[in-house]
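Okay, so here's the structure we're looking at.
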Amino acid sequence: MFLQSRVSRLLAQLRAAGQLLGAPRPWPGPSPGATRTRSSACGPPASLSAHHPRARTSAGVGAWGAAAVGRRAGVRTWAPLAMAAKVDLSTSTDWKEAKSFLKGLSDKQREEHYFCRDFVRLKKIPTWKETAKGVTVKVEEPKYKKDKQLNEKISLFRGDITKLEVDAIVNAANSSLLGGGGVDGCIHRAAGPLLTDECRTLQNCETGKAKITCGYRLPAKYVIHTVGPIAHGEPSASQAAELRSCYLSSLDLLLEHRLRSAAFPCISTGVFGYPNEAAAEVVLTALREWLEQHKDKVDRLIICVFLEKDENIYRERLPHYFPVA
């Protein structure tokens, strides 16, 4: 009888702590074996999914409080009560709450939500200054002067852009912003359904313009979506201007949101048909001229290519725009 009475008092203390701090009880009802109810006085509504951000966050805060009271009472509290809040970005139905949740996490905490484990940190991506040591292209008359600082701000990387842990990756999108083929589809699949949900609110995007969203399950914090020109064959002057605008509009958003690193894919060179060599000239001119004005506001701009063909083009052309010797 004495033991049963002591257990009852301790359980009552835990229930009181959960009600004060909004914690769901470790059992569904007021006491084991009694009539069960679905929610506590201050907890989240019963209609909320267990994966819903509000439900998880409320549970996490309340559980911490219940655990603290349990320690003061000399009780070993139930392990699930002390678990941290977590949102499932694959199933949550509210992109706004998921976005707010992610913004409150540290970089280390965000890693738990990445779609991949083999992500690439920025510090692992060599700068052009380092890469150029292995480039044998000789440039008699470079288009621009040598600038050591700029050579440390630009990188050429061949690989999967969705795995780069940078502030933002740029998406070569179509005007609907709802996903498509190529890199666009890869980014949407990796980020998860919440990216498409947020993109639906942006109401399309014009050619040469850019819009920004959360990165969700990506290692990148943000995705900047831009729409390149469709140019099958020799591009016109207006199409070249639109391609340049894609990069500059994306960089404007980078500054606006105080982001310091970004990775760009090859925009318009896939199904949009822009010639790879001609695109590289536009891209390198835009990046060089932009960096000359804003080099202190960013840490790194990465040209991320997937095809060996594009890697060879940029390794050949970069010394003309970012000479190292």
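Using N, Cα and C of the backbone, Cβ positions are placed for all residues, glycine too.
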Select from 21-55, 91-125 the stretch of residues annotated by Swiss-Prot as region 'Disordered'.
21-55
Within its own chain, what residues at least 6 apart in sequence put their Cβ under 8 Å from the Cβ of LYS129 (N6-succinyllysine), listed in sequence order?
LYS148, ASN151, GLU152, VAL324
